[in-house]
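Novice: According to Swiss-Prot, the domain 'Response regulatory' annotation covers 6-123, on the basis of sequence analysis. Feature annotation from Swiss-Prot assigns 4-aspartylphosphate to Asp57; the stated evidence is sequence analysis. Per Swiss-Prot, the feature domain 'CheB-type methylesterase' maps to 150-342; the stated evidence is sequence analysis. Annotated active site per Swiss-Prot: Ser162, His188, Asp284, in sequence order.
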Amino acid sequence: MSAPARVLVVDDSPTMRGLITAVLSSDPEVSVIGQAGDALEAREAIKRLNPDVVTLDIEMPNMNGLDFLEKIMTLRPMPVIMVSTMTHRGAEATLAALEIGAFDCVGKPGPGEHRPFGDLAEKVKAAARTQRQFSQPAAAVAPPPSVADFRVGRKIVAIGSSTGGVEALIAVLQKFPANCPPTVITQHMPPTFTKSFAERLNRLCAPVVQEATDGARLEIGKIYLAPGGERHLQVSGGSAPCCRLVDRAPVNGHRPSVDVLFDSVAELAGRNAVGVILTGMGRDGAAGLLKMRHAGARTLGQTEKTCVVYGMPRVAHELGAVEQQLPLTAIGEEILKLTAARKEGTE
């Protein structure tokens, strides 16, 4: 049996530190080795204790979590899980943290929540196991192709991601031209975060990116992100495909679920689709991607070396669902090739 993941809990609230410590300490594979109430205490604790993982509150006195994270990633890179309030402001800060290099995020529980921090221990263990090189500089982002350079086919693109997906999706979608194929995405994320993430992607990418709404028509040049929370994203509609938000129990522990999205794309589009599974914990999306491949779709998976967590892509690959495994930097361009988004004048 491997040694427990050693965690430092950083939060200015003694109550929240106690709750996080209690939740993590209930898992025998996790050991809370220290607590800190602000960035100064945390800096000294990191030097003294050398934790495997840090949980870090976004909002703290003196130096906020975002500024402290930047210092960690510059001076002593390590896996950091951000703990944020479930507000628009908290979501914006958390998304910025994930782009800086935070491993993942969790939302602070609301009043009466049944299982506060229910998946935190699993995220901590995944963070401790990760082989990611946190000190690697981010790759330069190439400008997106121009609209005039491409003509788009009739295929739908479906993408699923979880831990590490914020950075991965930005890397993929920034390769898309403004007239990209209709694209639907399920990214595991707390409920209030997906709207902020869609807005952020819309600012960073050439196509229009929006949080999916029930009945929204799938259109060229638009990307639809499943809202976090109570419903799953599906596609339906035959010759006039649209987004559907459906009430169903969680699948693979998730709502929205990547499997639910991929299943619906397989049924609606068959061979006229491309399925992509990116970095993430667990197995959500693997069975759905296999269904897409059996229906004739082209399927891609992210390579282990470029994943933050090689979980979902690994299971999909082992099931035979992945036609090609590619490094993250190559996935966007391959999607365009497979959707017949070719340069004008070529056949």
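For all residues, glycine too, the Cβ spot is worked out from N, Cα and C.
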Novice: For each of the recorded positions (Asp57, Asp284), count the other CB atoms lying within 10 A of its CB, then report the residue with the highest count.
Specialist: Asp284
Novice: Could you break down the residues of the domain 'Response regulatory' (6-123) into DSSP helix, strand and coil, giving a count for each?
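Specialist: Secondary-structure breakdown of the domain 'Response regulatory' (6-123): 51 helix, 26 strand, 41 coil.
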Novice: Which ones in the same chain are close to Ser162 (active site), with CB under 8 Å and 6+ residues apart in sequence?
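Specialist: Gln187, His188, Val258, Thr279, Gly280, Met281, Gly282, Asp284, Val309, Gly311, Met312 - these are the non-local Cβ neighbours of Ser162 (active site), listed in sequence order.
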Novice: When you measure from the Cβ of His188 (active site), how many other Cβ atoms are you left with inside 10 Å?
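Specialist: So the Cβ neighbour count for His188 (active site) comes to 27.
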